[in-house]
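*Asks:* Before we start, here is the structure in question, set down as structure tokens.
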Amino acid sequence: MRFLTSGESHGPQLTVIIEGLPANMTIDIDQINEEMFKRQGGYGRGRRMQIEKDTVEIVSGVRHGYTLGSPVTIVIKNDDFTHWRNIMGAAPISEEEKENMKRVITKPRPGHADLVGGMKYNHRDLRNVLERSSARETAARVAVGALCKQLLKQLGIDVYSRVIEIGGIKDEGIYNIDTIIENIDKNDVRVIDDSIAQAIRDKIDSAKKEGDSIGGVVQVIVNHMPVGIGSYVHYDRKLDGRIAQSVVGINAFKGVSFGEGFKAAEKLGSEIQDPILYSEEQGYYRASNHLGGLEGGMSNGMPIIVNGVMKPIPTLYKPLASVDIDSKEPFKATIERSDSCAVPAASIVCEHAVSYEIARSVLEEFGSQDFSRLAQQVAERRALNQTF
């Protein structure tokens with residue numbers, strides 16, 4: 001399975017083409033739109049999310065609620081394009097219009113793709129870089145992930161996400177899966193410990209007041225995974241390697257870990273490995289889950305735990321020092337409309353990025369073109385955990 005996205009932040013639309021979904025899988029468009037709506041939420045979001053509706057239109061690959069096995073094309077309209085039509089239109093413009101063009105960017109923002117992207121593609125108006133490097137593209141990735149979540153759900157695999165840290169304030173509780181599921185969306189910062197939610201809001205408000213931004217850490221949990229998805233045979237088929245690439249491919253994500261992650265460096269081997277147990281009811285299972293459900297690049301049947309680190313958004317309302325690329329004189333960086341904190345929304349994006357990689361590896365493992373056969377193969381693999 002693979003996908004391709006296209007579209008600029010303030011262009012007319014985002015387009016996604018997904019190839020490789022099996023035929024005869026049921027699709028719930030309302031459920032996709034619910035996932036899209038979640039991405040727009042979270043405390044600290046900017047005015048853009050008040051403009052966009054982010055509903056999907058499926059224009060190929062699905063008929064009467066079922067996939068056909070052919071490429072699925074999804075379109076997401078940018079409502080804000082109405083205000084940007086002259087600036088972002090595809091039609092040629094005159095030299096005079098170019099000279100009078102509004103919102104030209106020549107003062108790159110530190111931490112963004114602006115300057116290096118301009119150098120690489122020879123863009124003198126750095127808006128040409130900004131428009132594609134914008135996190136607006138993650139709306140398309142959520143649409144892809146929403147389809148994948150439906151595939152996984154129909155195979156008995158569930159994917160969830162939560163926030164575990166924002167601006168240095170940590171949710172340090174140890175929760176079972178049921179508690180996490182029940183409390184994921186009970187506050188607008190997506191922490192399970194509701195007692196720290198207001199402190200996080202205050203931290204976000206303080207950063208916004210100072211013209212600054214804050215980042216954090218999100219966690220994705222994949223529950224009810226069959227064993228042996230991924231491979232130990234080659235590096236490029238290791239499931240954790242694929243997930244890591246997908247997570248750090250999200251805008252502003254700078255790190256990823258699994259299970260206890262970097263804390264493993266502080267522990268003895270006897271403290272971090274997960275002892276193997278067996279019962280007739282469960283089959284093989286682990287006494288703990290320090291490694292986050294992954295051993296040797298493969299799922300081991302325990303919940304997969306993925307942690308992603310998001311840096312503070314680089315667009316600042318109190319901008320840092322920069323240089324005008326035309327005059328080479330020092331200036332403050334360009335200010336674009338932005339969020340002060342997008343960590344709660346980023347947890348949704350990360351959830352869907354992980355869902356895609358899980359679905360891709362499941363489909364690669366079994367190679368089925370028809371959903372009913374795929375479901376049968378997954379059930380057979382689950383049984384192996386008890387019969388091996």
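Each Cβ is built from the backbone N, Cα and C atoms, and glycine gets one as well.
Sequence annotations record features per position, and here TrEMBL assigns NADP(+) binding site to ARG39, ARG45. Residues annotated as FMN binding site in TrEMBL: ARG132, SER133, SER134, ASN251, ALA252, GLY296, LYS311, PRO312, ILE313, PRO314, THR315, ARG337.
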*Asks:* Say we define neighbours as other CB atoms within 10 Å of the CB. Which of the binding-site residues ALA252, ILE313 has the fewest?
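*Replies:* With the binding-site residues ALA252, ILE313, fewest surrounding Cβ atoms within 10 Å: ALA252.
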*Asks:* Can you tell me the three-state DSSP label for ARG45 (NADP(+) binding site)?
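*Replies:* DSSP call for ARG45 (NADP(+) binding site): coil, neither helix nor strand.
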*Asks:* Across the record's FMN-binding residues ARG132, SER133, SER134, ASN251, ALA252, GLY296, LYS311, PRO312, ILE313, PRO314, THR315, ARG337, the largest CA-CA distance in angstrom?
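*Replies:* That value is 44 Å for the farthest Cα pair.
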*Asks:* Please work out which residue of SER134, THR315 has the most C-beta neighbours within 10 angstroms of its C-beta, and give that one of the binding-site residues.
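*Replies:* Checking each of SER134, THR315, the winner is THR315.
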*Asks:* Between the binding-site residues ARG39, ARG45, whose Cβ has more other Cβ atoms within 10 Å than any of the rest?
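*Replies:* The most densely surrounded of these binding-site residues is ARG39.
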*Asks:* Could you work out which of the binding-site residues (ARG132, LYS311) has its C-beta surrounded by the smallest number of other C-beta atoms within 10 A?
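*Replies:* Lowest Cβ count within 10 Å among the binding-site residues (ARG132, LYS311) is LYS311.
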*Asks:* Specify the secondary structure state of ARG39 (NADP(+) binding site) as given by DSSP, simplified to three classes.
*Replies:* helix
*Asks:* Pop the Cα-Cα gap between ARG45 (NADP(+) binding site) and THR315 (FMN binding site) into the table, whole Å please.
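*Replies:* Just about 13 Å between their Cα atoms.
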